[in-house]
Every structure is written in C-alpha cells, then in structure tokens.
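Chemist: The structure's right below; bear with me while I get my questions together.
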Amino acid sequence: MLQLPLVVTARLDLVLVLVTLLSLWTRLSGLGYPGAVVFDEVYYGQFLSLYMKRTFFIDDSGPPLGHALLALGAYLGGFDGNFVWNRIGAAYPCSLSVWSLRLLPALGGALCVPLGYLLILELRCSHLSALGAALLLLLENSLIVQSRFMLLESLLIFFVLLAFFSYLRFHNAPGRCWSRYGWLLLSGVSCAAAVGVKYTGLFSYLLLLGVASLHSWKLIGDQAQSHMSVCVQCGWKVLCLLVVPVLLYVFWFYVHLSILQRSGPHDQLMSSAFQASLQGGLSRVTRGQPLQVAFGSQVTLRSSAPRPVPCWLHSHKANYPIRYENGRGSSHQQQVTCYAFKDVNNWWIIKDPARQELVVDSPPRLVRHGDIIQLVHGMTSRLLNSHDVAAPMSPHAQEVSGYIDFNVSMATQNLWRLEIYNREAESEEWKTIVSEVRLVHVNTSAVLKLSGLPLPDWGFRQMEVVAEKLLKAHSGSLGWTVEEHRYGTSQEQKEREAELHSPTHIDIDRKISFWSKFTELQWKMLTVKQEESEHKYSSAPLEWIAMETNIAYWLHPSTNAQIHLIGNPVSWGVANLSLLAYQLLAALYLLRRRRGFRDLPDGAWQRFASVGLLCGGGWAVNFLPFLLMERTLFLYHYLPALCYLYLLSPALLEHIHTHLLSSRTSRHMLAVCTAAVLLSIFLSYWTFCPLTYGNPELTANQLQALKWRDSWDILYRRR
C-alpha cells in the first residue's frame, strides 16, 4: 500500500551551489559585450558561417564536435551565416545574437568550477581543499576570458574534468553498485567529446586510460574478487573507455558530413571522388560521366599529392629551353607540367599503342590494371614521353615531355604501364574518380610524379612533373586520378578540339560511402596543414610557465577599453610553486621509502600518489608535448595544463597540513598564510578585471600600471 505522506529527503552542498552561482555570474554576465569580433572568433566564425550554410570545410586544428557545438549555439540564436568574418574588431550587426554565439563556451567554462570542486572530493580530499580548488578556478582571469567568447578551450577543459570526475566516481563507488557503470559510461562519452572538440584532448584521454589500466591491474591481483567479477569489470572498462569513445568519435564525423553536403572553399584539398559527392562544384561537372575508362577516352588527370596545391597533368605549345640558367641542356621538347587551374590543355586521350584510332569503340574496350597505354595531349596531339634526360628542377629525376621528332636520333619512349594501386579484388578496371593509378614508364621503369617545384618564367611558374624510380619517389606524389572523363568521338584534330571545349556532364548523380569520406577526411586533417605564418602574439611553451606573454583579444576602436588573455599572476605563481613542491616532496618520499622508511600510512601514501598521478601527470601530458610541436602556439594552449595545477595546489596544502605539520602553532601559521594568499589572489583578480571584461575603461597611466611584466603587450592611447 502507498504510504502517505510522501517524503523526499535531499542533501544539498551549499558551498557547491555557491561556487556554481559565482562561476555562472563571472562567465555569463555581460556576455554580449563587446559586440564585435574578438581574436580567434574571426577564425571559428568563418567555419560557423559555412556550417550554417551546410558548406564543406576542413579545420586541421580539431575534429568537428567543437564546431558543431558552436553552430548549435548560433542556430538557437537564429544566425543564418550571413556575416563576413574578415577582421578582429568588426562590429556584429544588431540582428545577430552575440549572446547565443558565446553561450555554450561560457556554460562549459562556468561548470568547470563546480567540477573542480567535485573532482577534489573524489580524490579523497576535504571539502576545504575542494573549496580552495574551486576558488583558484573561479578567480583565474585567463579562464574567464577564454570562456566568454566563441572559443573552444573552455569546452575542452569541461569535458576533460567531467571525464575524470565520472571515472573517479565510478572507481570510488561500492563494488556491488551497478549504477556506478553509468558513471563509467559518462566518462567514456566525455573522453570522446574532449577529443572531438580538440585533438589536444587526446593527451588527457590517454592519461585516463593509463589510470584505468593501473586500477585494472590492481583489480586483477585482488584475490578477494572472483574471476567472473574481474572479467565483468575489465570488460565494462574496455567497452566504456575504448569502444564507446571510438564509436562516438566516428559519430561526430557522421553528423558533420551529413550536415556539410555542399561544395565549398576547401574542396580541392579532397580527392575527386570526395568532391563529386558534394552538391555543386565538381559534382556538377562529373555527373553522368562514364565510370570505366576505355581506349579512346578523353580524361583529365589530377595529382593525388596533397602539396603544394591540387593540380592537373598539363601541356601546352611551349618547349623546354635548349639550355637552362646553369648551362645544363634539355631535350627542347614540349613542356609537360602540372597546372593548378581547370584548362582545356589538361585533356589527354588514352590510346592503344597497337592502333591509330583516338575514339572509343562500340562496345568500349576498357583499360585494365597492367595495360600498356599511350597518352596523347588533346590540343597538341603530342604523346607523353620520358627519357634519360635530367628534369629541369630535379636533375636526379627524368624529364617528362610531349614528344617532338627533331630527327636528332632521340627515339620516342612514350609507352606507359598502368598500375591501379587501390583496385578492388574483384575488379581491375580503370574507373573514373575512384581509381588511383601510377603510370610506370616502360623503357626506364620510372614513375610519373609531381615534384611540386615551380618552374621558372619560361615554364609559366607551373609545377614540375618528372619520372622517378619507384624506390626513390615519395609514394604520396605518385598517384593520379581521372577527374573529368568522356568517350571520345572525333578522330580529326579540329573536331576533337571543339569536343574538348564542350561541357562533359549530364544529369546523373554518384555517391561514395561514408567510410570512404571519413577515412579520407581524417587523413587530410592529420596530414594536410594549412600554411601558418608567425603571429604577433605567438609564444613558446617555456614562456607560459612564468606567463611572460599575453594576447590582446580586443581593443575598442576609439577608447582604451580592451580585453587581454592575462592570467592571475598570484594564482599562476601558486600553481608553479605547488608543482615544484610536490616534485621535491615526492622525490624525498620515494628515496626514504627505498631506504625502508615509511613516513606515511598506506592510505595517505595512496592519496598522495593518486593526486600526483592525476594532477601532476595531467600537467605533464598537457604541457610537455607542446615542446616538440612545430606549429604556431599561443598562451591559451597552456590553460588545460594550468587547471590540473589548480587542483594540485589545495590537495598538496592539505597533505602538508595533515602529515608534515604537527604543532598547533605551525598549522595556525599555515592557515594565516593560506588566507593571505587567497586574499592576494582575489585582489589580483580584481585588479585585472578591467582587462578581463573590457570594462571599465582605464586611463593610459592605469594601463601602464598593470604592465607587471615588460614582456606584456598592453595597448593604450594617450590623450
């Protein structure tokens, strides 16, 4: 029977509620100010507009989830993508909801504070230490700045902290509580989201996998656990921390590619098959082309090399110079290059060496893997040729030319063997768009290759094509794909020229599978890097530790109001001091334990080691890899590592208070010093608030007073 009255009893952590409200206030208040583009909003905004218009793009800095979350906020605010993100400081139109653009990053940044509080509690520290961690995160100016704009670091940090909190909640729950596996699943989902926002989330994900592996190894050695229990728990960890993140990572791309179905500015970075699957662009040209290449086919051959730019095999009515600038001679035959633009001189005809016809038979005689072919240039009728003559820019390789019989005892060598290196087992036919082929020179066994070097003025600055031995050639530059294709019907040269100038498409569509698109896009994101130039505010990782650098995010066009990415100098110093103190203390403990001294009870030692593994290890995996990176780096790349130190500081302070200080006087002195440091952190936060929020406006003298380091670049106008 139902018992009345119904009573619900709840426990509410008022401190947690308070820090959550304060965090929401510091991150969300005045979120629409400034109403102008701020620093990297100009970068992410371009992708945002493409997202809203469902236009395909590539961002090599991260997977698609981060862009999708930004696009979600923009969509909820009614943004239609019609804004030109051309410069920092450009004013947003009144019709655009700036608040909605920045809402999700701000929420993610705000929730990092209560997550830090809860994470410290799961590390078996006191509520006072948890409050200390929350205050350090709450009063960190750089985290506030990064949270309040359309940027991704706050979302990355949120998912990382959520992943560790969920895993520790699972690990600390009673073994017979089946609901704890919900926390493990949430941890795996958060890991996938962290990696899906930015690839740097992989560092923390690997750390979490390492922690889970250590716990599993300890579980396997626990004789109190049955074999079945051990297998079930390890199986759940594999499922939730390995299988689920991989599936979700693929799912982010599935959603991404399902939304972005229209041709865009980054199409040419992708293969012809990928481009043809998008609406507009190449798909309008290649629709309805014959799939199988036959003898007599008219084709354009696109290089598969990702660099320097996409280009097509090309020739024109110009010969190599008799002698180059260095005095070296050439064959003086017709130039063959790779041209980065669509042009009628990109057309070639596939010819059977045993026949003179340049038209397709009925039925077509298909070209297959291993066939010997000739390539006839459509507009000049020269045959693609190579010989033992050094290439103009790559003297170690052979020259490639359109053969001209100068009657100087230089015989034609224009036979090429077709090798389809991505062919399917059940088919060896040469296919339009799909097949990637190598053209092997029969006489010399050299492979047709894009060297990527620009030719001088006599070659119209087009890119050099050479023939090179397979063992020397880089495999990425050897492939060629038939992009445009038609069955030739004109044998006479003038009729053929008119045919080559005519359009090729008819109204039929062709698609490729999601897995083909996923693997290609993933590979391009990891290997094709956009050209990066030195940035005024770029910095080296070692400069981050002492905060020797800052970033000017926004400057009012007519006043001294401005926003900078500058951390809280006091809490930044506390974080560095905590890291150094923990390392020294851990080294001392390990040396003494090696000598047989047990300074700590087993439980205290386990907590100390766990804090070091998670917090110290989190700092290391999120900082040290940047020392090896050859890319433009900024201060905000250090923020995930810094958050781990803010978790370490109060945990270390509690350890010192509990286990190293025995007298009441010393503990009182530590409490007084801690209170003084917290007051200094708050005063430092308050001092730099004008540069955090861009309000109120400061005078030039006040701004000059905030330049605590000579290396900081604080801008101001004298009046």
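Even glycines carry a Cβ here, placed using N, Cα and C.
Heads up, here are the entries from TrEMBL:
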DOMAIN    290-353  domain 'MIR'
DOMAIN    364-421  domain 'MIR'
DOMAIN    425-485  domain 'MIR'
TRANSMEM  103-121  transmembrane segment
TRANSMEM  151-168  transmembrane segment
TRANSMEM  180-197  transmembrane segment
TRANSMEM  232-255  transmembrane segment
TRANSMEM  570-591  transmembrane segment
TRANSMEM  611-629  transmembrane segment
TRANSMEM  635-656  transmembrane segment
TRANSMEM  668-688  transmembrane segment
Chemist: Can you tell me which of 180-197, 570-591, 611-629, 635-656, 668-688 gets the most C-beta pairs within less than 8 Å of the transmembrane segment (103-121)?
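Modeler: Looking only at 180-197, 570-591, 611-629, 635-656, 668-688, the most contacts with the transmembrane segment (103-121) come from 635-656.
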Chemist: Take every residue in the domain 'MIR' (290-353), average their pLDDT values, and give the whole-number result.
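Modeler: PLDDT averaged over the stretch: 88.
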Chemist: With CB pairs under 8 Å as the measure, which of the listed stretches 180-197, 232-255, 611-629 comes out on top against the transmembrane segment (635-656)?
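Modeler: Selected stretch: 611-629, with the most Cβ pairs under 8 Å.
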Chemist: Please give the sequence-distant neighbours of the transmembrane segment (611-629): residues at least 6 beyond its ends with Cβ less than 8 Å from one of its Cβ atoms.
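Modeler: Non-local partners: 123, 125, 164, 200, 203-204, 206-207, 210-211, 214, 541-542, 544, 579, 582-583, 586, 637-638, 640-645, 647-648, 651-652, 655.
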Chemist: Where among 180-197, 232-255, 570-591 do we find the most Cβ pairs under 8 Å to the transmembrane segment (151-168)?
Modeler: 180-197
Chemist: Who are the long-range neighbours of the transmembrane segment (180-197) in its own chain, taking Cβ under 8 Å and residues 6 or more past its ends?
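Modeler: For the transmembrane segment (180-197), the sequence-distant neighbours (Cβ-Cβ under 8 Å, at least 6 residues beyond its ends) are 62-66, 69, 152, 155-156, 159-160, 162-164, 166-167, 169-170, 173-174, 204-205, 208, 236-237, 239-242, 244-249, 252.
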Chemist: Taking DSSP states H, G and I as helix and E and B as strand, how many residues of the domain 'MIR' (425-485) are helix, strand and coil?
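Modeler: Across the domain 'MIR' (425-485), the residues distribute as 6 helix, 30 strand, 25 coil.
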